[in-house]
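Over in Swiss-Prot, the protein carries these features:
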type     : residues                  : note
BINDING  : N7, R18, G192, G213, H214 : 3-amino-2-oxopropyl phosphate binding site
BINDING  : D9, H10, R45, H50, T100   : 1-deoxy-D-xylulose 5-phosphate binding site
ACT_SITE : H43                       : active site, proton acceptor
ACT_SITE : E70                       : active site, proton acceptor
SITE     : E151                      : site 'Transition state stabilizer'
ACT_SITE : H191                      : active site, proton donor
Amino acid sequence: MPILVVNVDHVATLRQQRLGIEPDPVTAAHMAELAGARGIIVHLREDRRHIQDRDVSLLRQTLKTRLHLEMAATEEMQGIALAEKPHMVCLVPEKREELTTEGGLVVAGRVDFLQAYVKPFHEIGIATSLFIEADPDQIRAAARVGVTHVELHTGHFADAPDAAERKRQRDAIVAGIGLARTLGLKVNLGHGLNYDNIFDFEAVPGICEFSIGHSIVSRAVLTGFGPAVRDMVDIINRFPG
């Protein structure tokens, strides 16, 4: 059965609008755990636009479940991750001008670099993942890197302008899940998933985790963080294993 990992970046986005201390993404993460989330994910960006270094430290010290750290493949971020020791590191592309991560990491052509980059994490027991498109070339390259997981980008599916394109994107993701599994990779899905479109993956085997943030934070503004997380947990818990 897939599990829910909650991204609390946008709680930090709201906090940073006033450069204040609230709302606190660490508190939100604890509430998510109490509501049934099986892990927390944060993206420590190079420009520190939402999550801050202190947030990562506090989350690592206080979470009862798991911390997944999204980050760019830079020397600075590698040092932070090796010091904090999250349960998983997920490498993502990063552009300063983007509002949110716009697409998957290009792995093909960078296999040697990424192999060397993730090696120190494996040596101390940190799981590794690459946020990639559901493209066969990228999935095969990810397998050559030797990561334990891939997270397939669902943003193009979520943003599809019509039913035909949405089906095309879903079919590509489902095929990508199958290919990744045959290559020995564990598969997570994330980006743009919400309380409605997640049902398109209800009967798809082989999904380990759904990484969901924005839609949960959006609902939480109206219903509270605990109920918003619980609603998503209840949906995912109905999915077959």
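Just so it is clear, glycine is given a Cβ too, placed from its N, Cα and C backbone atoms.
Keep in mind that what you see is a predicted model, and the values were worked out from it rather than measured.
For R18 (3-amino-2-oxopropyl phosphate binding site) paired with R45 (1-deoxy-D-xylulose 5-phosphate binding site), the C-alpha to C-alpha distance reads 18 Å. Using a 10 angstroms CA-CA radius around D9 (1-deoxy-D-xylulose 5-phosphate binding site), none of the recorded positions in E151, H191, G192 qualify. Reduced to three states, the DSSP call for G213 (3-amino-2-oxopropyl phosphate binding site) is coil. Annotation: H10 carries the greatest number of neighbouring Cβ atoms among the binding-site residues H10, R18, H214 [cut-off 10 Å, Cβ to Cβ]. Using a 10 Å Cβ-Cβ cutoff, G192 (3-amino-2-oxopropyl phosphate binding site) registers 18 neighbours.
Across the structure, E70 (active site, proton acceptor) and N7 (3-amino-2-oxopropyl phosphate binding site) are spaced 10 Å apart at their Cα atoms.
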